[in-house]
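> According to Swiss-Prot, the protein carries these features:
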| type | residues | note |
| --- | --- | --- |
| ACT_SITE | SER473 | active site, proton acceptor |
| BINDING | ASP80, ASP122, LYS123, GLU447 | Mg(2+) binding site |
| BINDING | CYS121, CYS194 | [2Fe-2S] cluster binding site |
| MOD_RES | LYS123 | N6-carboxylysine |
Amino acid sequence: MRSDKIKKGVEQAPARSLLHATGQIKSPGDMDKPFIAICNSYIDIVPGHVHLRELADVAKEAIREAGGIPFEFNTIGVDDGIAMGHIGMRYSLPSREVIADAAETVINAHWFDGVFYIPNCDKITPGMLLASVRTNVPAIFCSGGPMKAGLSAHGKALTLSSVFEAVGAFKDGSMSQEDFLDMEANACPTCGSCAGMFTANSMNCLMEILGMAVPGNGTTLAVSDARRDLIRESAFHLMDLVKKDIRPRDIITKDAIDDAFALDMAMGGSTNTVLHTLALANEAGIEDYDLERINDIAKRVPYLSKIAPSSSYSMHDVHEAGGVSAIVKELVDLGGAIHPDRITVTGKTIRENVADAKINNTDVIHPKENPYSPVGGLSMLFGNIAPKGAAIKVGGVDPSVQVFKGEAICFSSHDEAVEAIDNHTVREGHVVVIRYEGPKGGPGMPEMLAPTSSIVGRGLGKDVALITDGRFSGATRGIAVGHISPEAAAGGPIALVHDGDIITIDLPNRTLNVDVPDEVLEERRKELPKFKAKVKTGYLARYTALVTSAHTGGILQIPEDLID
């Protein structure tokens, strides 16, 4: 066993003495059992994580029952909704790397035989995923689950995105204070990840098709007894994985990454999944995985399930309609869309996991014969503004908008743009350009949910576009193009766009261009000032020095002269 490194032999007597002091070694025979880490992410200020201490206790009990010795530790967590619109958002994406590094540190320092990961919200799941392939110790994931959708006084289904959009409507005078406060009070009625197909739930759904979580992981409610049952089931599967020495890199292959994007396309997931899954591919040592490959997948996978913010349906509606398994079953039956014979943490293949799945509500999950669209809900755009690519959630764009051509109005920060939208400087026909908000420029690639929500809340969702080298919340909808690469801080051409330039967003042709000759752009480049880091000390300064643009997944890259 891997853990023999810290518990076997005369030399490890001091380590054994310390292990006895933990209270987890309850009998002499426990030293002969697998040591299992429970990588939890309990934190009081994140509603998706407030119940995870209880879930960890369920996992501990089941691990002991299955023959292992559990040891729990916690990572950090950032709530993107609470951190939105201020300096806190600059820490959100960077927290992914902190989580991965922290988990790697504890797992490798203590030589665990297996790891039970309990994530839930936006950066916690991908951070733990990066750690799982980096340490490559037998592992399983079981998230905390989504919250219930809220209900307004008027009987309207609510999610957190409803509140963000209400801010714009209230400021504009089109919503009463009574309705505004009602939304605020009722949109988030329980613990769990936010109720729509936002980043957290998108990632937790992808865990099922990646093969790292059991069916039901992405949609089973946080407050349900079934969520506790999933934790128990996962603990027993983990002990089998340890026994058989099946590791994350045996499961997370190039085919698995392809299939994750296929499901993403079918369910119209958050654009953040692109960032995190690209980072996962890099961490797993999968070479030559780029945005063009994602577009190829989008062209062959239909869009089957439109969930909030793209509709009024919540994650619980998806669960009742058959869950992720029902969507995956459609992709299996489609033929050629995914690789269904890959192994998963259940010991079965994807095909076997979903064999009995069926659609219970064809309004929530469309059958493959009647998709929302014959192509996927996400699209990668390329052009002279984004030579390395950009991402848009086409499932969140009004279907009547196929090509948008408008006049650029440029801002060098999120806050400047929000102010301009609020004071009506931004008008119908504008393309709002927000740059220097990428991974390096932000720093931290903050989400642009406030400006997009304000645009939609004012009724301009079809009439104003927004493009940025920053990113978007999974709650974003409208004509919102993010992840533009290279970013402005890295010299990307988004920095060369001027007010009044005509920008064309062509969704069918997957292009993003500014109508300015190349030679003019090159002249503008000569006048471009050198980027200087906005943060000079602390973690964000170190992050700025190492982070790369979004087309890589926003990974940290060690200077080549240090590793060659």
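For all residues, glycine too, the Cβ spot is worked out from N, Cα and C.
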> Near SER473 (active site, proton acceptor), which of the binding-site residues ASP80, CYS121, ASP122, LYS123, CYS194, GLU447 can be found within 10 Å, Cα to Cα?
ASP80, ASP122, GLU447
> Could you name the residues, excluding ASP80, ASP122, LYS123, GLU447, of the same chain that surround the Mg(2+) site, i.e. Cβ within 8 Å of the Cβ centre of those residues, in sequence order?
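Checked against the 8 Å cutoff, the neighbours are VAL78, ALA83, MET89, SER92, LEU93, CYS121, THR199, ALA200, ASN272, SER473.
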> List every residue in the same chain as ASP80 (Mg(2+) binding site), at least 6 positions away in sequence, whose Cβ is under 8 Å from its Cβ.
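In sequence order, MET89, SER92, CYS121, ASP122, LYS123, THR199, GLU447, SER473 meet the Cβ cut-off.
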> Please compare the binding-site residues ASP122, GLU447 by how many other CB atoms fall within 10 Å of each one's CB, and tell me which has the fewest.
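Candidates: the binding-site residues ASP122, GLU447. Fewest Cβ atoms within 10 Å: GLU447.
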> So if I measure Cβ to Cβ from CYS194 ([2Fe-2S] cluster binding site) and keep only same-chain residues at least 6 apart in sequence, which ones fall under 8 Å?
GLY48, GLY81, PRO146, MET147, THR159, LEU160, SER161, CYS188, ALA200, ASN201, ALA475
